[in-house]
Amino acid sequence: MLRRGFLSRINAAQWSRQMSVVAKSLKYTQHGEPQEVLQLVEDKLPDPKDNQVLVKILAAPINPADINTIQGKYPVKPKFPAVGGNECVAEVICVGDKVKGFEAGQHVIPLASGLGTWTTHAVYKEDQLLIVSKKVGLAEAATSTVNPTTAYRMLKDFVQLCPGDTVIQNGANSAVGQAVHQLCRAWGINSVGIVRDRPEIAELKQMLQCLGATEVLTEAEIRTSDIFKSGKLKKPRLAFNCVGGKSATEVSRHLDNGGVLVTYGGMSREPVTVATGPLIFKDIAFRGFWMTRWSKENYSSPERSKMFKEIFELMEQGKFVAPNHEMVPLAKFKDAAAAALSFKGFTGKKYILDMSI
């Protein structure tokens, strides 16, 4: 096994010296709308040295935070010229002479944010990467470091949940929402999802229930529902908000005494309004969560390793799938960016750049 890994590094290094790698990257030199500022640029990459790893990107999703970063609306401000994207799954091509934990052919994902993943090839440091089993699907691996981890941490870090407890969330069809449903199913937790009404509401409800949602209600239905008062489900002790405005207020209204509302997004761009009654008489707490901060503070922590291990085990077992998505060729990145900017792109479908097309 050791000899095979050693030969793999030697052969890969020889291949690297014989063939120059030209990366096609989506770069931008100023903030603005992605369709306007992103350019497909070719660059020759250097051979990996020391602790560096050369990878071929296989698939990279377009997340709301990626769009906001390009627009200049996100707290993370990359240096120009910058390559878009934070997530991906890649294949190791070759490694530097001091790399010990990686070899050619392995699948990896980025552990650090802001590396720039909308590119066909890249050179990263070995401590910026995590090996992923090839049993994990490309779409699952490519979308594993933002939405599943956000759902995991919010379910673990704010309220000590037990099987049979209930969680309620708006934006239940978002990528994080879909991840919440699946984790709740795996852990025996009831998951109540709230979505906007739409012509295809029956199909949407069925899709979310297949993922693990216990109940899916529209914003109008939740206002008159008796699922909690009747005792059908326990009152939620934990709520997730990615919409804001009236939707967040309605979600908080259903929390049990001492419940916690966690806000991780604001798609409506309306502020979270705290109702006085629940705040005083039910001692409701309002918290915020940002996965990027948690990852930086826990970069090498055992808890982070445990989280990825659990998520990937569920993926390998077929108990956790990628969000509803569409694979898009890199050449059509402008169409994908425009679609991702739409409300549907934020809540209905994930667009993933397919670097193999």
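Glycine is no exception: its Cβ is also placed from the backbone N, Cα and C atoms.
Swiss-Prot lists 1-19 with the feature transit peptide, giving sequence analysis as the kind of evidence.
If you look up Swiss-Prot, you'll see 36-352 marked as domain 'Enoyl reductase (ER)'. In the predicted structure, the domain 'Enoyl reductase (ER)' (36-352) carries a mean pLDDT of 95.
Secondary structure from DSSP puts Tyr74 (active site, proton donor) in coil. According to Swiss-Prot, the active site, proton donor annotation covers Tyr74.
Annotation source Swiss-Prot lists NADP(+) binding site at Asn147, 173-176, 196-198, 264-267, 289-291, 349-350, citing similarity to another entry. Cβ neighbours within 10 Å of Ala175 (NADP(+) binding site), excluding its own Cβ and spanning all shown chains: 27.
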Most Cβ neighbours inside 10 Å, all chains, among the binding-site residues Asn147, Gly265, Lys349: Asn147
Gly265 (NADP(+) binding site) to Tyr74 (active site, proton donor) - Cα separation in whole Å: 12
Cα distance (Å, whole number) from Tyr74 (active site, proton donor) to Ala175 (NADP(+) binding site): 19
C-alpha spacing of Asn147 (NADP(+) binding site) relative to Tyr74 (active site, proton donor), in angstrom: 17
Cβ-Cβ distance under 8 Å to Asp197 (NADP(+) binding site), same chain, at least six residues away: Thr218, Glu219, Ala220
Per DSSP, three-state class assigned to Ala175 (NADP(+) binding site): helix
For Phe289 (NADP(+) binding site), nearby residues of its own chain (Cβ under 8 Å, 6 or more apart in sequence): Thr150, Arg153, Met154, Asp157, Phe158, Val262, Thr263, Tyr264
